[in-house]
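Q: Take a look at what TrEMBL says about it:
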ACT_SITE  D300  active site, 4-aspartylphosphate intermediate
BINDING   D300, K301, T302, E394, F436, K459, R490, T570, G571, D572, R665, K671, N695, D696  ATP binding site
BINDING   D300, T302, D692, D696  Mg(2+) binding site
DOMAIN    36-79  domain 'P-type ATPase N-terminal'
DOMAIN    718-965  domain 'P-type ATPase C-terminal'
Amino acid sequence: ADCRLISCGGDEKRVDSRTIYVGHRPCPDTEAFIPSKFCDNRIVSSKYTVWNFLPKNLFEQFRRIANFYFLIIFLVQVSELSSFIICNTEKDLQALPATIECEQPQPDLYKFVGRMHIYKPEQEPAVRSLGPENLLLKGATLKNTKKIYGVAVYTGMETKMALNYQGKSQKRSAVEKSINAFLLVYLCILISKAVVCTTLKYVWQSKEGQDEPWYNQKTQKEKDTNMYLKMFTDFLSFMVLFNFIIPVSMYVTVEMQKFLGSFFITWDKDFFDPEIQEGALVNTSDLNEELGQVEYVFTDKTGTLTQNNMEFIECCIDGFQYKHRDTRCELDGFTVTDEPEKEELFLRALCLCHTVQVKEAGSEEVLTDQVDGIDGMQPQPEEERGFIASSPDEIALVRGAMEYGFTFLGLESKSMKIKNRENNIEEYKLLHVLNFDPVRRRMSVIVQTKSGETLLFCKGADSSIFPRVKPEEVDRIRMHVERNATEGYRTLCVAYKQLSAEEYAVADTGLREARLTLQDREQKLMAMYNQVETGMSLIGATAVEDRLQEEAAETMEALQGAGMKVWVLTGDKMETAKSTCYACRLFQRGTELLELTVRTLEDGRLKLSFLSCRSWSTANQDYGFIIDGATLSLMMNPPREADASQYRSLFLQICQNCTAVLCCRMAPLQKAQIVKMVKNSKGSPITLSIGDGANDVSMILEAHVGIGIKGKEGRQAVRNSDYAIPKLKHLKKLLLAHGHLYYVRIAHLVQYFFYKNLCFILPQFLYQFFCGYSQQPLYDAAYLTMYNICFTSMPILAYSLLEQHISMEILLDNAALYREIANNAMLRWRPFLYWTVLGIFQGLLFFFGVRFLFSNPALQDNGQVFGNWSYGTIVFTVLVFTVTLKLALDTRHWTWINHFVIWGSLAFYVFFSFFWGGIIWPFLKQQRLYFVFANMLSSVSAWLVIIILILLSLLPEILLVVLRKPRGPHSRQVYLFLPFPF
């Protein structure tokens, strides 16, 4: 096909359209030729290319401040390729001279406007209307035919699915951002320490006799060295001496904790689904803690909240209720004479007013119903027929008619066949289909009987049908519809109208003309639909139940009880989605719904509708908010660009005051836009998106945490998600139990690492005041290296993997406990300050407590005194035992692993100290700790000081736990378990 733009006169402006020439038909002389500049059929969906891999990857790595810092310290002391798909169209189309005019590429999946001109020799060109039903999207499946012939109108990155693709971005958790902030604080502390020591060193050396004492004369080279260069060298030396305050090993431990901790999700037997024989899947372990911080949940409806499996429950015909396998019963006080003609008319309407296709099965294929590419779970008996439909409720209605003896046999060449109760075949010619749209909220068909009668059958929501029928007919049906709606069923009303030859001729001409226009096609069709669908007669109503996912309502209640706001983002019709929200208890019967859709907009003034909604949202009332995709487009792209930010602000303000939000008729990219808008709103709330289909991928990638459901719509959502679960019900435990525990564990890990390294390096800093700022280390090099690697690393790793400060059963039963750790409560500045003050207090106690011991002139039995390495060893011993026992006090869930690593780490420190100082190592030039540890433990004074300092260091923590009072309804439980106050 050759693609060209055309510009021609006439009543239509087609500057925003394109023309595709089929069959190599030459461009007419009357049309201006513009060389085509359309993209090829290559689709790039990867994050990296061969050119940007290095800079992008380095940028992602150095977004972590610690990585840049470690690079600097190292200098002081010494992919993925682009993946694309090329689809080569087979040139096997028969010679067909034709042109296709259609709109330029746009991301809306539910909109396509075009027309096709077919040229025949010596004949006027035949014109055919093209709409969304003629457009095959990426991933479409052929169901009722083996092959088709088509023309590519959009290619490559101009296809609708490519325009809706949301590129992958590096997701960073709130914990990682907190680590960066804390790291900056400790980096400032490190620089301050180095500056103070460097300054005081030169102040001290400026005194007479201090710079060059008699026992340490300077060499000529030292005397000739530039003073400022020497000051800078000393500054770097202090930076290296104190750099252990930055916990390098913390990043290794955090990565190990995330990687190993993710296995607990995959190992959880509660996540195993026997139906698909699979459990949960973790695609990324970097976001485990984000599961405990979710504030907004964005969920798809079909296949996520529901099973997408509707069941026909009952119907009402002329005031009488009918249930399958039951006899007709009188209802609502009406006494209507038996009219089998009306019953059969109602059932014929159910068999004809739809877009269902009969599924043809092979010799060995079992017939099942399919909705949007989803096979039904229950195979149908062989005598029943399988159906294909875009909406599950249409299949339910057709099957409901079968229960009462009317069977839809299929559509062949515009001929619809049904089998009536007497097993006779009735044939109707399908003249027009008036498709469903969210504004009309109804759909109709115009058919012609064999006798030549023209009938219009219409079905839709009660609010759209009742105004178009006789009032006396409405009274018979209204009570039945309201009762079914209260019971949570999806209700539809059915009406019909007999068209005269003149009425049909006018309708036929108007509909054909409207469908061939490229500009304002929807408005013209809407006008014709409304003109035809008037003066109808109401026949009856139906009640259909859309089965929810197992424990869907309980899961939604638990999430709302945990303080999360749940938004339903769906491409379905508003009525279907609203019914599901009621069934899931997102909308309660007392909830007042604020509806902002194209149908409710008056004169297109979006701002007035927003302001009116805003005034309602301030009242003391539970509200639910409903918006559709078309209105969202108006809000995101208003006529005046200056109004965009105001609309978004009002929109978010309304939504934040509502208990639940429903966004219907959403394109995939619009779902991602909603998530992005909330994610970037004030406070930067943590968002989670959950879905099961390819149309959910964009919002899954956009949210902080993406969850894929292992459903029936393929595995694209699972492959692009961060976590995958078999059923929606598993989301409750994933967030309330696993997410809660992951966050508490890693938050404690981060705070503990900064605390223990501050305790470690503060005595080193204080020691410089007593050694002439000579960069003399307080600890032996082996202790400096082993402190974070061996002596204190395993206990905190075991804690961060196994700790359960509250059991999972309590967390699942009390969803409100999730709120106690919301908004990154354990990594705020208040708890960080608490840990920092505790580290400073204990560091000061370690250093000056041991210094008080050394004020005694004789510390050993032989009258000898300890040296500087003994001093540092005593401080280090108190340090290791204190920080390890502090973690033991914080541990609430003891296992044999905790006991092994805590007491084993202390025993290993004692063994290593004896071993390291008890042997003369031939590879060491000098052995500073030779028998130092053994001599230290031979002193009773050293033993006494070590024990007293450990007890004094832990005493404030013990008193704080005993004396502090719990606050809030659930804080007593949290107070009993959490290791420190918020």
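Each Cβ is built from the backbone N, Cα and C atoms, and glycine gets one as well.
Remember, TrEMBL labels are computer predictions, not curated facts.
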Q: What's the CA-CA gap between D692 (Mg(2+) binding site) and R490 (ATP binding site) in angstrom, rounded?
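A: A Cα-Cα distance of 23 Å.
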Q: Go through F436, R490, G571, D696, our binding-site residues, and report the one whose Cβ sees the most other Cβ atoms within 10 Å.
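A: Of the binding-site residues F436, R490, G571, D696, the highest Cβ count within 10 Å belongs to D696.
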Q: Pop the Cα-Cα gap between F436 (ATP binding site) and D696 (Mg(2+) binding site) into the table, whole Å please.
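A: Computed Cα spacing between D696 (Mg(2+) binding site) and F436 (ATP binding site) is 23 Å.
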Q: Pairwise over D300, K301, T302, E394, F436, K459, R490, T570, G571, D572, R665, K671, N695, D696, annotated as binding ATP, what's the top Cα to Cα distance to the nearest Å?
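A: Across D300, K301, T302, E394, F436, K459, R490, T570, G571, D572, R665, K671, N695, D696, the widest Cα separation comes out at 30 Å.
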Q: What number of additional C-beta atoms lies within 10 angstroms of the C-beta atom of D692 (Mg(2+) binding site)?
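A: Result for D692 (Mg(2+) binding site): 29 neighbouring Cβ atoms inside 10 Å.
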Q: Could you give the Cα-Cα distance between D300 (active site, 4-aspartylphosphate intermediate) and F436 (ATP binding site), in whole Å?
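A: The separation of the Cα atoms works out to 21 Å.
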Q: Let me know the model's mean pLDDT on the domain 'P-type ATPase C-terminal' (718-965).
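A: On average, pLDDT over the domain 'P-type ATPase C-terminal' (718-965) sits at 86.
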Q: Across all chains shown, how many C-beta atoms besides its own are within 10 angstroms of the C-beta of the residue listed as 'active site, 4-aspartylphosphate intermediate'?
A: 29
Q: Just how many other Cβ atoms lie inside 10 Å of the Cβ on N695 (ATP binding site)?
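A: A 10 Å sphere around the Cβ of N695 (ATP binding site) contains 27 other Cβ atoms.
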Q: If you count other CB atoms within 10 A of each CB, which of T302, R665 wins among these binding-site residues?
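A: Counting Cβ neighbours within 10 Å, the top one is T302.
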